[in-house]
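Here TrEMBL flags 75-94, 106-129, 141-164, 170-189, 236-256, 284-309, 321-341, 347-368, 380-401, 413-435 as transmembrane segment.
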Amino acid sequence: MEPSTLEIVEDIICRGHFPDHKLRMPVVDGRCKDAAVQKTLAMIRSWSMSADMLIPLVVQVPYGIVADRYGRKTVLILAFVGCVLQTSWVILVLRLPDIFSVWSLLYGSAAYAIGGGGQMAAAMIWTIVTDITPISDRTTVFYQLQACYLLFAVLVNPLSAFLLSIDPWIGMWLGFGALIVSVASACLIPETLRLRQRNDETEHVSSARDGETPMTSKAAWFVEVGEAVRRDVGHVWHFVFASRSIVTIILAYGLYIPAKLGVRLNILQYMTRRFGWEWSTATYISTISNITSVIVLLFILPCISAILVKRHNYNTLGRDLLLSRVSSFLVVLGGFLLAFASTRWLFISSLVITSLGTGFTVLCRALLNALVEAHTVATVNTIMSMIETLVSLVGAPSLGWLLSRGLEVGGPWLGLSFLVSSALSALSFLAISFYRVPDEVPSTC
């Protein structure tokens, strides 16, 4: 839905700067690529993303605790419902531009108080997969899960680009329909919490939960949930920050987020401005990144993993650590090339190099899930999502400002936002390079 949303918002902003501009016209108005319009678009997009992060940042840890105590499925469904409500508001604002300012898009983020938003949905999906997968197979399954997401993007992006050339609203309505289907699909997913508890070697935790007295009313149940969250929040923070191993991985993961965020937030607008491509063309080009990522996750990383284990006797954690370092280095290299790519072939090559490091987040997640006790998996996955939310909350407006500043200055500084995010990725590479696997790792299989 993002390309459709961007084009519609750009159209509305353009009409605000040029009153004679007609909305929803098939003829491309070159004035919409002026610096003033693009600067406003960049700031709206960045602040909208920050607003989308603010409320989830507050509620994600409580929802993670609820998922660890009462089940993943309920939290997953609530997260999808919140996404549906937020998207409904976006559609309403964009359909009525004479009534609502485009800045009203920010108010829709309040819906993420229900379920914690898309980041919380992703955390629950990762947690469910962790529940049902042994540690020896977990990284491979994580590759496949991430590849499925990217493969879906590969299939959807060309369709989205084609629909943009006809009417961006077609893509908006199709995306909204897909969200409705997601809610229905979440209702069909079985609960995996008890399965995880049966495999948990920490028997007293499982026994304590299984021995909880069922609540006789919904009101009493909500009271119990509130008390559980209040009791567990302090334990969660102590558990995370008392472990140097966990902190190091989270730090490396957090420093990588701006590079990931920059590509997702700025790449389309950067392409349209730097190379004069239309939104549909830029969307087609961005598919190259997703195709490369799918190949990496489904073929390259699994093959290298097998070689490291079978021929070089790496254990699971050692293998994942080595691959995470290589992936991080490729992200740094590709990011710096993106910042200074002055020709189309160099830009596309930079996209490919950056995409070769796409396994970094998956590998960090696999490492972290292997370091924690089974009964804290949902909470830890939620903390990773919360870190991503926190970094995005600060990074989205910052990268938006850097992009708009780069567009104003022009020349070699057009890629200023990518330059800064690549510098942070370099720090992430240093963090993961100095990381060492602890001697004792809890069994989570």
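Note: Cβ is positioned from N, Cα and C throughout, glycine not excepted.
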Range from 75-94, 347-368, 380-401 with most C-beta pairs under 8 A to the transmembrane segment (141-164): 347-368
Non-local residues, at least 6 beyond the ends, that sit with Cβ under 8 Å of the transmembrane segment (380-401): 42-43, 45-47, 49-50, 53-54, 56-57, 60-61, 63-64, 67, 116, 119-120, 122-124, 126-127, 130, 236, 240, 246, 250, 253-254, 257-258, 261-262, 265-266, 364-365, 368-369, 372, 417, 420-421
Criterion met for the transmembrane segment (106-129) and the transmembrane segment (284-309) (at least three Cβ pairs under 8 Å): no
Interface present between the transmembrane segment (321-341) and the transmembrane segment (413-435) (three or more C-beta pairs under 8 A): yes
Contact ranking winner - 75-94, 321-341, 347-368 against the transmembrane segment (284-309), Cβ under 8 Å: 347-368
Other parts of the chain folded back onto the transmembrane segment (75-94), taken as Cβ under 8 Å at six or more residues beyond its ends: 1, 5, 8-9, 12, 52, 63-64, 66-67, 100, 102, 104-105, 107-109, 111-118, 120-121, 124-125, 128, 172, 175-176, 179-180, 182-183, 186-187, 189
